[in-house]
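Engineer: Got a structure for you, questions after.
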Amino acid sequence: MTGGAADLDADAADVAAPPVVLKLGGSLITEKGRPETLDDAALDAACDVVAGALAAGDLDRLVVVHGGGSFGHHHASEHGVSTTDGTRDADAVAAVHGAMKRLNAHVLERLRERGVPVVPVHPLSLAARSQGADGGLDLPLGSVATLLGEGFVPVLHGDGVATARDGVTVVSGDELVVELAAGLGARRVGVCSTVPGVLDGEGDVIDEIDAFDAVADALGASDATDVSGGMAAKVRELLALDAPAYVFGAEGLAPFLRGEAAGTRID
Ligand SMILES: Nc1ncnc2c1ncn2[C@@H]1O[C@H](COP(=O)(O)OP(=O)(O)OP(=O)(O)O)[C@@H](O)[C@H]1O
Ligand SMILES: C=C(C)CCOP(=O)(O)O
């Protein structure tokens, strides 16, 4: 018996080999411009690659996170909720969380039918911003670490999150990726989106980013409805990590899961 939640986090993370953390971007798996519409072909293709990599033994522990795409962002935007603007309207929370659970159910179903032992982990039920919207994210990791240790693939998603003094704000999949990677001591982190990597001013993929200022001018928000900051927020979050992170498009997913470089390396 250990002494509390912090001990459980540490113990569970210690017994597990370092996992790979993969985000499937909402831009990739949904049609971001059309409310609650999947990109069936892209989601199937990504699930094929994930299932193939696990079956081939390319990686043994994997945590999947997916973004909001046309499910979460659409509802969050309609209700004026973002990573910094909260709501105390339970209907708004239900709309955002409900949409994300519907998207999560699609992702789970498609991975499970390919033999991937996925289990959902819903951040709204687990996480908090106890210091307010401009504070950090508290994400207890005992459940994810224990699921990993038992051979499951936990699947988290961008969601609403309880926020001191602000009601409920949005937690992005990118923030979750960072917390998971740091807390679980991830081996590598992959963010799979619709772009082949982080692009420079000429539209070419930047091979490596090690400082935000060097690329700030090229980094924009998302080109679709997005309440969590698009590419600029993604790069900022990933730079804070110890583990190497890669941003890539669908074509980079298989190489990334094989342990190779893909897209832009953020270190
Ligand atoms: N310099 C840049 N390089 C690459 N993409 C950029 C850049 N600046 C802005 N973007 C935009 O960032 C988008 C990717 O971020 P976005 O948050 O939309 O992706 P996602 O993580 O797949 O989606 P979601 O947030 O729904 O999970 C690209 O589609 C592009 O429009
Ligand atoms: C809008 C919601 C609820 C999720 C945002 O997650 P993201 O798409 O990873 O930024």
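Placement of Cβ uses the backbone N, Cα and C atoms for every residue, glycine included.
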Engineer: From the candidates Gly69, Gly185, Gly190, Gly197, give the one listed by TrEMBL for the same ATP site as Lys23, Leu24, Gly25, Gly26, Ser27, Gly230, Lys234.
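Structural biologist: Between Gly69, Gly185, Gly190, Gly197, TrEMBL records just one in the ATP site with Lys23, Leu24, Gly25, Gly26, Ser27, Gly230, Lys234, namely Gly69.
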Engineer: Which of these, Gly167, Gly173, Gly183, Gly201, does TrEMBL say binds substrate at the same site as Gly68, His73?
Structural biologist: Gly173
Engineer: Going by DSSP, is Gly25 (ATP binding site) sitting in a helix, a strand, or coil?
Structural biologist: coil
Engineer: Averaged across the domain 'Aspartate/glutamate/uridylate kinase' (20-240), what pLDDT does the model get? Just tell me the whole number, please.
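Structural biologist: PLDDT averaged over the stretch: 94.
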Engineer: So among the binding-site residues Gly26, Gly68, Gly69, Gly230, who's got the most Cβ atoms within 10 Å?
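Structural biologist: When each Cβ's neighbours within 10 Å are tallied, Gly69 leads.
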Engineer: Rounding to the nearest whole angstrom, report the longest C-alpha distance spanning Lys23, Leu24, Gly25, Gly26, Ser27, Gly69, Gly230, Lys234, listed for ATP.
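Structural biologist: Output for ATP binders Lys23, Leu24, Gly25, Gly26, Ser27, Gly69, Gly230, Lys234: max Cα distance 14 Å.
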Engineer: Could you tell me which of the binding-site residues Leu24, Gly69, Gly230 have their C-beta within a distance under 6 angstroms of some atom of ligand 1?
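Structural biologist: Those binding-site residues that pass the cut-off, since their Cβ is under 6 Å from ligand 1, are Gly69, Gly230.
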